[in-house]
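J.: As listed in Swiss-Prot for this protein:
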type     : residues   : note
BINDING  : H211, H278 : heme b 1 binding site
BINDING  : H245, H314 : heme b 2 binding site
COMPBIAS : 173-183    : compositional bias 'Polar residues'
COMPBIAS : 380-404    : compositional bias 'Polar residues'
DOMAIN   : 49-164     : domain 'DOMON'
DOMAIN   : 170-369    : domain 'Cytochrome b561'
SIGNAL   : 1-25       : signal peptide
TRANSMEM : 210-230    : transmembrane segment
TRANSMEM : 241-261    : transmembrane segment
TRANSMEM : 280-300    : transmembrane segment
TRANSMEM : 316-336    : transmembrane segment
TRANSMEM : 349-369    : transmembrane segment
Amino acid sequence: MDRTQSPKTALFAVLATLLVLTVNGQSLCNTHRFTNNLAFADCSDLSALGSFLHWTYNEQNGTVSIAYRHPGTSASSWVAWGLNPSSTQMVGTQALVAFTNTTTNQFQAYTSSVSSYGTRLERSSLSFGVSGLSATLVSGEVTIFATLELSPNLITANQLWQVGPVVNGVPASHQTSGDNMRSSGRIDFRTGQASAGGGGSGDRLRKRNTHGVLNAVSWGVLMPMGAMMARYMKVFADPTWFYLHIAFQVSGYVIGVAGWATGIKLGNDSPGTSYSTHRNLGIALFTFATLQVFALLVRPKPDHKYRTYWNVYHHTVGYTTIILSIVNIFKGFDILDPEDKWRWAYIGILIFLGACVLILEPLTWFIVLRRKSRGGNTVAAPTSSKYSNGVNGTTTTGPHHQDA
């Protein structure tokens, strides 16, 4: 090797290294040139999804001209960027949305105020003025342009950006993992500072999922199964049915209270967001279930003159709780908007429980009537009077009068 080439080679390597470090140290948004010769005072490489935000803040009139860029987009995807004045979650976000209109085959932009987790990004006005809204899709890169008329409390705000599929001409749910759950942060249009959101939205999603699972299992599965134990097992085994009934109901109540508490926590963490029907049904369920628990403490003896009234109360509140719980679980599905498989999985559980009822109801009546025709008790002989619900601890007229 020619030794005279070594210094030149070393110098070239050093220069190449410095060039790479310089390019890597320079914000990618600073190197972008817009085809329409627009120029912006500040820009930020956003922390997720490979997106960029360019803006110019006009302090005199309180407006911000922005350009949001998202590369690697297909014609069957939607892209959105927005501000949330109260939190880093999706609900409450004032968004700019862009995707290809399948009817006109034109790439369009519009505004959408996100009011629920099941949103389809419907067109709606925002809490602040927007002018000059437009969007382009060039070589797989979406750019949304707009001028925002911001109040002082929005000069520093939470920003969120997202991408998802378009299905049948309508924006569908985005992915709930990876960068899609990290695409939020803070933006200060005046100072030009932007920071990552720290994954808060992912934590909220986990809390919502936990809330949904706890309530679906407790109110939607364990409670109905506990009622079925009391209604259908009593003719076969006493006091086994009683212990199973109590075990299912108490387990359902404990898990349900945990789910209810997570719902309260989610509500407190989401100011300005309210699902009044879902919340009110949840409060009613908690109240009814708590009344059922305390009712057990004042349950009259089987031969007490008020036992019949207690049974009517216990049945009415119990079945009302089960019906309301199923209704509220589907309300929760509408709010959380999970993949369809979860909704269908719960529907499958309800169908299974319903099939069990259709089989056990006539079977129970058959056993009750046969025992009655033979002059015997309609329930299995109890080992203790505390498990019996008939008048004076003897027979009942059928399964409708049985309870814990």
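Heads up, the Cβ atoms here are built off N, Cα and C, so glycines get one too.
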J.: Taking 210-230, 241-261, 280-300, 316-336 as candidates, which has the most Cβ pairs under 8 Å with the transmembrane segment (349-369)?
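T.: If we count Cβ pairs closer than 8 Å to the transmembrane segment (349-369), 210-230 scores highest.
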J.: Determine which residues of the chain contact the transmembrane segment (280-300) at the Cβ level, with the cut-off under 8 Å and only residues 6 or more beyond its ends counted.
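T.: Hits for the transmembrane segment (280-300): 215, 219, 223, 249-250, 252-253, 256-257, 260, 263, 306-307, 310, 313-314, 317-318, 320-321, 324-325, 327-328, 331, 404.
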J.: Under an 8 Å Cβ to Cβ limit, what residues of the same chain, 6 or more beyond the ends of the transmembrane segment (241-261), are close to it?
T.: 210-211, 213-215, 217-219, 221-223, 225-227, 229-230, 233-234, 282, 285-286, 289-290, 292-293, 387, 404
J.: Calculate the distance in Å between the alpha carbons (Cα) of H211 (heme b 1 binding site) and H245 (heme b 2 binding site), and round it to a whole number.
T.: 24
J.: Counting only residues 6+ away from its ends, which parts of the chain sit with a Cβ under 8 Å from the transmembrane segment (316-336)?
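T.: Apart from its flanks, the transmembrane segment (316-336) reaches 116-118, 208-209, 211-212, 215-216, 219-220, 223-224, 227, 275, 277-278, 281-282, 284-285, 288-289, 291-292, 295, 342-343, 346, 350.
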J.: Taking the Cβ of H278 (heme b 1 binding site) as the reference point, list residues of the same chain whose Cβ is under 8 angstroms away and which are at least six residues distant in sequence.
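T.: H278 (heme b 1 binding site) has long-range Cβ partners N328, K331, G332, I335.
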J.: As a test of reading the model: what is the averaged pLDDT for the domain 'DOMON' (49-164)?
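T.: Looking only at the domain 'DOMON' (49-164), pLDDT averages out to 91.
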J.: So how many other Cβ atoms are close to H211 (heme b 1 binding site), meaning within 10 Å of its Cβ?
T.: 22
J.: Using a 10 angstroms cut-off on Cβ to Cβ distances, just flag whichever of H245, H314 is the loneliest among these binding-site residues.
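T.: Ranked by other Cβ atoms within 10 Å, the binding-site residues H245, H314 bottom out at H314.
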J.: For the compositional bias 'Polar residues' (173-183), what does DSSP give as the number of helix, strand and coil residues?
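T.: Each residue of the compositional bias 'Polar residues' (173-183) counted once, the result is 4 helix, 0 strand, 7 coil.
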